[in-house]
Each structure stands twice: as structure tokens, then as C-alpha cells.
Amino acid sequence: MAAPHHYHKPHAPDDNDFDLDLDLEELDPLAANSRSALSPPRRTSREKSYHELGARIPLRNLRVGRRGRRRTDSEEEDLRGLIDDDERSHRDSGLSFGQPGDDDAPLLSGRRRIPPEQRQTSTLSRISSNIRLPSFLSGARPDSAIRLEEEQGSDAEEEHDPTTQRTISVGRQQTSRFPANAVSNAKYTPWSFLPRTLYNEFSFFINMYFLLVALSQIIPALRIGYLSTYIAPLAFVITITLGKEALDDIARRRRDAEANSEGYTVLKFEENSIGNGVAPGKASAKQRRSRKSGRTNGRVTDIEDEEAAISTTKGVPTASFLEVTRPSRTLKVGDVVKLSKDQRVPADMVVLKTYSQETTLPTSSPPSAEDAESSHSQANGNSPGSASGEAFIRTDQLDGETDWKLRLTSPLTQNLDVGEFTRLRVIAGKPDKKVNEFFGTVELEQKRQRHYDPHDDIPPSDVQSAPLNIDNTVWANTVLASSCNVLAVVVYTGPQTRQALSTSPSRSKTGLLEYEINALTKFLCIFTLTLSFVLVALARFREIDGRPWYVSMMRFLILFSTIVPVGLRVNLDLGKSVYAWFIEHDKSIPGTVVRTSTIPEDLGRIEYLLSDKTGTLTQNEMEMKKIHVGTVSYANEAMEEVSSYVHQSFTSATGEEPILVTPSSTLSAPLTAATRTRREIGTRVRDVVLALALCHNVTPTTEEENGQTVTTYQASSPDEIAIVRWTENVGLRLLQRDRESMTLQSCETGNIVVQVRILNVFPFTSEGKRMGIVVKFCSGPTSSPQEDDGGIWFYQKGADTVMTSIVAANDWLEEETANMAREGLRTLVVGRKKLSSQRYSEFSSKHAQASLALHNRDAAIASVVKEYLETDLELLGVTGVEDKLQKDVKPSLELLRNAGIKIWMLTGDKVETARCVAVSSKLVARGQYVHTIAKLKRKDLAHSSLDFLRSKPDACLLIDGESLALMLTHFRTEFISVAVRLPTVVACRCSPTQKADIARLIRQHTNKRIACIGDGGNDVSMIQAADVGVGIVGKEGRQASLAADFSITQFCHLTKLLVWHGRNSYKRSAKLSQFVIHRGLIISICQTVYSIASRFEPNALYRDWLLVGYSTVYTMAPVFSLVLDRDVDESVANLYPELYAELKTGRSLSYRSFFIWVAVSIYQGSILQGLSQFLIGTTSSPSSAHDAQDETFKRMVSLSFSVLVLNELVMVALEVTTWHWIMIATIVGTAGIYGGSVVGLGEYFDLGYMGTVGWWWRAGLVAGVALVPVAWGKWIARWVRPASYRKVRGV
């Protein structure tokens, strides 16, 4: 902020509004001030900004003939409207104006523009350089001066190029248009719904086939019976599918509408007027009285109010603001949004300011001179609640991590008054889907200084700028977790947010069973075509009833259309819904959710299982188990000794005032233990505990739970929380932490023992694999700490692979980290380095320069850190953190391996840790050889490793990410062909991309079903690439479970999902689909036999309702009840996992089983129709449904159709392995329904004949001949070659 102007005189305008009561100072209050010594070089008068010239002449001096009269509101609004109309053209061009001094820019719309080359300096232009219009006519914002010529080539309606960086004016209108902030997850629009859904449906072969059959009935020569006979089944199938799609899309639209209409508080800024004649810092008593009476609506209502303040005056905000509520969909880039606790972030934003909920924002009206001092203090960061600049957010819906993330404001914006936000500009990069990366800059324009000299001008001072990074952002769909208010500016909206760019449409997954059935239906279609041609050929291609042979062939195709069952997909889709219900209501696997109901059968066909380690096989609950300080290792009960050292180090002598501990403090060990070695060990323990208590990103939070105050730790890594909890257990508690300081407390005495000022924090990244912090210690008594003698220290901890080259030379680090890794512990190496004040100043300067780079910022910062900090660190120690195995992981993996499933473990951990977990979890069998490939860089060594694995197909392969990348780059086919034959593969140091690549590679190479299971956001790509994706709801959030096809709560639930539910789903669908095919094929065989007997005439055997009722009312329920069948009990399936291995062969639905069903259908159809015609006689069908002359035909139809329905009910009973009461009810109920409906079928049957003994003995004979041989054949097959499940059941 500039210093207050010193040209004020004690004389101020009085309260009288009479225009002639003026003095020279009021006419120009700036005349009394000479030019500032800091003024830049003079510019010519032609460079004057239009709005600056107006500041020279008081507004009231331009009111000719209007003395003592106030302008009415209507007159003011009319004038504002005229100016606004003109300004609109300026705004449309993005507020880009021409050079000052040009006299041809219109003040009112409609004036003709003069090309620049035709302009000449006129008298008016010379006058305009010395006279300024009043501010209500200028209409300019203080920070964007209206110029008298618009720049060419700028258009406000121009769409912003998303491939370029953007400059955002905070709280103002932007120079370009950006996408709307509306969320849309709907698949369809009202116009595209029918075309797209119908296209999707008729892309299936069955639906297109039946559509052609139905359309053929429009042609009179091809019409057979009622049109509804063929239209109704197809319409039923399509209606069910379209209805489901419509309901799903309506639900999506409702969720979108709810999110888009969610209200948010937006700050609406209005620039304070300028150019009045009141001396800066002065205000009339009348306005002061009006302000006190409540006229603080932040809007200038008349000219006298406009004269109240000058924006250049010290302490007077550049803009006033109002809080308005807007729906999420109307938010625009540049809007300043106010967020509160538990509120969802509606767009990608940069945090500007945080303040406590008890603190209210400053008043939105232009402050008076009395307010200037308080406004000035707020602008310098003294406003209440503005000091922290911190906020926590929850990102579980964005990156899958449940730990809170700390977000910070830039000091440049945190210490700025809200009324000055319109002076801010945010420069951000192009939209990017990287949720953990952001580079930008925030700039603050200085307030303009105006002076009286019309021939001189002072341009704005240098723009202040500060870097922005990921810590300054909140992305869309994150949630504010802190109990504070946050002001943030919208940077990316709608489809350009990180969430939208990171969300790729999931792959539409189709089950293997669907592909197999689709191949069978194509065969059935070929069979239908062949049968029709054969019948026409047997008729010697002669005309029948005046119809050419090809017309007869088309009629045969229509008559045999039931061979391709239109209801097959309906039955299978309904069956999948039943399977999903069984899975979700299984009480032994609570919390399981089926998100993709189209592939439950694939759960029974899995051959490869790709699993994450942390959080999937392990609990992701970290516990510090071991610490090594160079000469001594502490674990288990030995931690008591660490506690005693901490107590000695951080406890003051009795009676003395507590003093703050620094790394330079001497260890106060008791005399009994004052040996030199023990003092050295005590100092080492103190240093490593102090380093672990300071080097982290953990923040303690306090909340009220059940009336008690509970302190919890929040961090992005559970490892850090485990370490901080360990330091608390040994006696050193993290009491307070913000972005600037950290305080540690002794757990025993409760005294504050360590205070540091945080100078820099270098957060952990997956690339760097380390985090560091620079702190300055406070020394002296706790009551009056001093920073002078504390010293500056750099602490760092990280993975041994990167820290080995950073710490000073030693002889124990590599050995000790390997020992801990063999125990299954996650290791971190801790080091420190002392910095001199001069050295840190050099580093700070270089680091600040690198932080402002918009390109390659990370590399520039890393280079500076490496040069000044990451060299020759003092090695303090190594920590070992344990991640416990999930419940029942060992028996689950053993069962899956016995089921014939090859298991791959893909993890980001180091080789030794992965090996230890693989052995402890029984992923590697006892005595199994583990072949390790690590740090492979040479192609010849890769070849030899592959040759060795070919000779040992029973070995386990352990490979790291570097070697895996080499294999996939140069030996892709050879490597995968060898790896898929191995029983177990463990891949370490894998990136999320490598996990997904492996999943896709196995699928493409083997054409087998693979399942992927994980629990974190880094597993989503792998889960989506799998045939079956399983997500675990765990410590790392719900993103994996939301992206998966099946969501479970524990890894051990996977065994039941596969071995039990997967088995049942596949076996049931296989049996159901084959029976539906049999049901359609047998009625077509009956039609074929009848057509042959009727001299190859293409006339229908069963018409209208008989044809529709057969596939719906009379057979559908019993056939569908097969989805309740099961061949073994759950206990048997778990006891004999080898039964699952048989499912992978696909014997339940194979060409062999299919042709057996075709043979059965041909036999039964031929017997049913052939015997019926033999016992009653054969005649041609009536010419119409109302022709009752041929009683023989009706008798034959009543016999064959009734026995056909009976045959299907008995065949269902023969297929049942385990009876369910619903099965019995459907069979008996359907038989009753058919018996009751016969009385209404007099149009098709001879009802009188059906009541005679002759009909009954004929029906019994036909049914016996059709069913008994089939039943005997099934029994003999089971006796001669029993299925495996019958062997274990003893049946």
C-alpha cells in the first residue's frame, strides 16, 4: 500500500451543498502537492488516461445551472443507461481499450468510428487532455482506464483457446469466454435418446433379426396370422431395455440438476467511483450521518455519495462488494466464491483468503476517512481470522485418498483486503487432468497515484507477484473440511476441471457368455435359413397357392423364426438382476455392491487375478515397529529405552524455568548413566526423534465428540501419521502446526519444549520419493523465546533408494534397510543438515526465482534444492513401519490358487518388502523358488532371464518396475508369453499406468478372463482395464470401489464372490440360455414336421395367441426358475475349490452341450408332432382363424400343443439339481394356468374332443415317447460319466 498523501489541508468543504461555496483547494485538492520524489519519467499530455484527467476538476464545477439541486434517480439511471450501452462494446472486447488521448472514441453508442490513419490532432483532443469528465460519465474501473480508442482484434465473445495459458481478472469480466460450469453425466438428450438407444439395441443380431421378421408382416404375401404375434415379443424386449436406460438417465439428470442448482455465495464487486472533488480522506458530515443511519448497501445512489471517497486515497478499497447466492451452473471464471465447512467445491479454484467463521467480511460500502485506518490494518493482514491462511480439504472423491489435504493461501492475497481483490490477476496454465500438479502466478496491481500536473503522469508501480502451486488450489468435487470460511477465485469450469478431464468413460463390458450365445444364435439363424431352403427344394421350387418359391421360402423363414429366441436376452438380463440381488443380500459378505450387473457370470470364469498390495492384501493401518540409529536398533519392549532418552532430553532440571530445546542443546543425562557411549546414544535418539517430530506434513486437529475434545492427526500419508503417533508415545507430542510455525510438547510435563518457525516445506511426491522441511529453532525460556541463536536446519526423510545418494557416506544403511524390508517393514531414511544464515539467504533467493517459472518449474526448484540442501546430509536413522495383513488373506489366497487362478501382485513398494509380503501372505507357496529380476538394464541379461523362466514353469517371478519397463519395451511378446504360464508374479515399483498396461496385455495375449482388485485411486486404471474390476472400500477412500464392477469391504470376501456366486451365476445362465434355445427350437421342429406332412405348404401350425402364450405365460416362469438352481452347497464349493477350475473350460455352455440340446429338441419335436399327426390325422390348416370346418386340424393342434407345454414343464423338472419351493410353485402354477385357460381357446382347440378318453390316452402316449428316452439318457450319462460335483456330493 502506498503511504498516505501528505497534501491534505485542515480546511474541508462544509456541510452546505451550495456550489458557489468553494475554495481553491476544493476546486483542485491535488494542487497543493508537488510531484513525488519517486515519480517515474514524465510522459506527454497525449498519454493521459481519460479517467485520470477527470480527477483534476471537481464534479460540482461541471454542474452548470444545477446549483443546489440533486439529480433525480431516474435522470441518473437514464444517464447510466446511455453510458452502459457504450461501455458494453468495450466490455465485449474484453475491456481492451485504445491509446489515451484519441478524440474519436465515442462516449455514446452510435458514433462513427474513424480509422486510426485518418485521425488528426484537433483542438478538442488538446482540450480533452486537460479536462476530465465526471466519474459517473467516465464509467471506467479504477484499474482499467477507459481509453478513447478501442484496440482492434479483441472480441469478448471470442472463445478461449484451451491449449494456452489464461490470465484471469479476479472479480471482473474476462476478456474471453470460458465453458459453463454445468455438470452433465447424462448419456442422452431428449432428441438423441430414441435414435441412440434403438441403434444400440438393433446392433444386436437377435433384435435385428426379429425386426426384419416383424417388418415382413407388412407385405401381404408374407403375412402369417396377426401382426402383433411378431411385433409384441420384440416390442416387449425393446421396451424393457429402453425403460431401464431411460430410468438410469433420468436418475443421472436428477443428480446433475441437484449438483448444478446447489447455491453458492459469490462476492459481487462494484468499483468505487473516482474523480470527485472531495479532498482525499475527507467526507462530508452529511454522508457520515447517512452511513451511520444504515446506508451501507455498497452502491452509489447519487452524485453526492459519489463525492464521498476517492479510490486513490489510502485505506479506501478499490471496490465495494455484495454477497449474492448463485447456483453452481452460473459460476464463471473470475468469480470469487465463499466456501464454508462441509461444502462441496463447485469448480477448480485458487484459494485467496481464509478466515474464521466467527469473523465477518469487512463492510461493503466505501469507507470514510475514519474507516481508513482500520481498512489499512486489514489490508496489511491484521484483520481477525486472516492470519492462518490454511484450510483442510477432503479429496476422496477426486483421488481416492481419505486423508485430509492442507491447502494454503498466498501471503500476497491472504493479507489483502477483500475490497482490493479486483486488483488481482491470476495467471494459470492450460486445463490439465493432473490432479496433483498446478503452476500459476498471482499478480497484484498497485493503486494508481494521481497528481495535478496535467503534463505529467505517474504510471502504476511495479506489479507484485507470487507463485501458485498445488497447495494453493481446491479442485472441483473436493469438500472443505476445516471450520473456517474460504474465499477462492474460479479458474477452471465445467468440462475443463480436473475432475472432468480425469474422468474417462468406462469401457462397456460384455460378458464372455454373451459372446458365446451370440455365436450360437448366428448358427441357429444359418440353421433356419438352411431348413427353409431344404423344404422349398423338397417341393421342387414349385409354386404353392400361386406363390413363387422364394416367397414360400420367406414364409418358412418367418414360421421358423422362433428357432432364434427373441426372449433369450430378456431372460438372461432378468437372471443377471437376480444374481446381483443374491450377491448384495449375502449376509456373509456385508457391504458388497454390484455396480455392473451385466457380467456376474464372468466371476465364474476368472483365470488371472491382479491385486494391489497396500490396502488390498494389507490393512493400510501403519504402526511404527522399529528404529535404527546407527549403532543400536530399537523394537518392541526396547521402545521404553527410547522413552527414557526422550524424557532426559526434553525435561528441564527441577526448579529451573523450562527452556526450549534445539539440536545444539546438550543432553542432561543423570550421573548414574553419564557414560560417554550412553550420552552419544542418547543424543542420537534425541536427534532422530526430534527429526521425526518435525519432518512431516501432519497437522493436529481438535474436534468435539460426545462432549469430549479429541485430537486427531491429518496427513496425506498414513506412514507420517504412524510416525507422529510413535513420537507421541515415546514422549514428544505435536501440539500445534500451521504454515509458519510448529510447537512440540513434552507428554510427561506438559511443557512446550520445541518451537520452530517453518521456512520451507518440500512435500512428498511419487517421483521424488522424499519430503523435506527447513526450520528455524527458537531458543531460550518458553516464556520469551528468541530466534537469534536457534539455528536453521534442513530435515529430510525418504526412501532408501533416493536417500542413499543424499546422505553422507556410511557403512550400515544398505544392510539395515534390507533387514527391515525382509521383515516386511516399510523403511524411511532420516537425515539433517545445518544451514548458515548466508547459505539459506542464497538458497531462498534462488528458490523464489525458480518458483515463479511457468515452465519446468518442478525441475528448476529441484535443481536449487539439490544444489543447496540435498548434499552430505547427516544420517540420523532408519524407521520401519509395519502394514498388517488383511483378515484371512492367507487362506483366501491359498483357496484361489487351488481354484486354478494365477495371482499377480502389483505394488509400488520396494522389492524386499514385496517379497516379504508375498511369502507371509502365502502368495508364494512353501518351498517355491522365487526368481528375482531387478535393476535390469541390458537386453542380453533380459534374454537369459526369460530362457531360465521357460525352464522353470513352477517358479515365482519377482520383477521391479525398471526391469518390467525394459521387458515390455523390447521383449513384450516373449515376456508375456512366459509370465502368463507362471503360477505367481510379483511386480514392484509399478506405476498406475504399468498396472493397467499389464492387465490389457494379459487380456490381449490370452483371451482369458482377468480380474483386478485394488483400493486406491492409483488402482482405478487397472480396475477399468480388467474384464472384472473389484474395488475395496478402504483407508484410501472409495474411488476404486466406485470405479469397479463389484465393491467389497475385505479381500477375503473375494473368495465367496468368485467361488460361490461366480460359480452359481455362470452355471445358472448356461442352463437357462440352453433351455430357452431348446424351447424355441422344439416348436420350430413341430412346424417343420407339419409343413412336410402338408406337402411343404408354408402355413402356420400354431397361430396368434398359441405362439405368443407358449413363450410367455405357459413356459416362461418355470424356465426362469432355473436361476434358483445350484449343483453344490457353499461348504462343498469352498472345500473343493478345484470345482471352480472346471468352469474355466466352459463345458457348461459349449458346442458339445449345445448340439446335445439341438438333438433332444429335434427328437422331441418330431415325436410330439409326428405322433399327434399319426394318431389323429393330417390336414391343411384353415384359411383363417374363424374357419371351423376342419375339426381334425383343431384336434391335432389341441393334442400336440398341450403335450408340448407338458413336455417343457417336465423337462424343467428333469434339469433341476437342487429343488427350491419357488420352482415347484412355478411348475404347478403354470400347469394350472394352462388348464384354466383351455376353456378360452375354443378358437384353436376342439374343446369337446379334449374331454374324451381318446384324447387323454393319446396325450399320455405322445408325452411318454417324447420324455422317457430323454430321461433315461440323462440318467445313464450321469451313471457312466458323472460330473465332478456329483462325485463330491456322493450323488
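Quick reminder: no glycine exception, Cβ is built from N, Cα and C everywhere.
In TrEMBL this protein carries:
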| type | residues | note |
| --- | --- | --- |
| REGION | 1-125 | region 'Disordered' |
| COMPBIAS | 1-10 | compositional bias 'Basic residues' |
| COMPBIAS | 15-28 | compositional bias 'Acidic residues' |
| REGION | 150-170 | region 'Disordered' |
| COMPBIAS | 151-160 | compositional bias 'Acidic residues' |
| DOMAIN | 173-227 | domain 'P-type ATPase N-terminal' |
| REGION | 278-304 | region 'Disordered' |
| COMPBIAS | 285-294 | compositional bias 'Basic residues' |
| REGION | 356-390 | region 'Disordered' |
| TRANSMEM | 519-541 | transmembrane segment |
| TRANSMEM | 553-572 | transmembrane segment |
| BINDING | D612, K613, T614, E720, F764, K797, R826, T907, G908, D909, R989, K995, N1018, D1019 | ATP binding site |
| DOMAIN | 1042-1282 | domain 'P-type ATPase C-terminal' |
| TRANSMEM | 1105-1124 | transmembrane segment |
| TRANSMEM | 1154-1176 | transmembrane segment |
| TRANSMEM | 1196-1214 | transmembrane segment |
| TRANSMEM | 1221-1242 | transmembrane segment |
| TRANSMEM | 1254-1277 | transmembrane segment |
Recorded stretch that, among 553-572, 1105-1124, 1221-1242, 1254-1277, has the most CB pairs under 8 Å to the transmembrane segment (1196-1214):
1254-1277
Could you tell me whether the transmembrane segment (1105-1124) and the transmembrane segment (1254-1277) are in contact, taking contact to mean 3+ Cβ pairs under 8 Å with a sequence separation of 6 or more?
no
Taking residues D612, K613, T614, E720, F764, K797, R826, T907, G908, D909, R989, K995, N1018, D1019, which bind ATP in the record, the widest Cα spacing (Å, whole number):
27
Run through the domain 'P-type ATPase N-terminal' (173-227) and tell me, per DSSP, how many residues are helix, strand and coil.
25 helix, 1 strand, 29 coil
Sorted by position, what residues of the same chain at least six away from R826 (ATP binding site) have a C-beta under 8 A from it?
M622, D719, G880, V881, E882, D883, D909, T913
For the domain 'P-type ATPase C-terminal' (1042-1282), report the average pLDDT of the model, please.
88
Under 8 Å by Cβ from D612 (ATP binding site), counting only residues of that chain that are 6 or more apart:
M905, L906, T907, K995, I1013, G1014, D1015, G1016, D1019, M1022
Might you list, by sequence position, any residue in that chain lying six or more from T614 (ATP binding site) with a Cβ less than 8 Å away from its Cβ?
N620, D883, T907, G908, D909, G1016
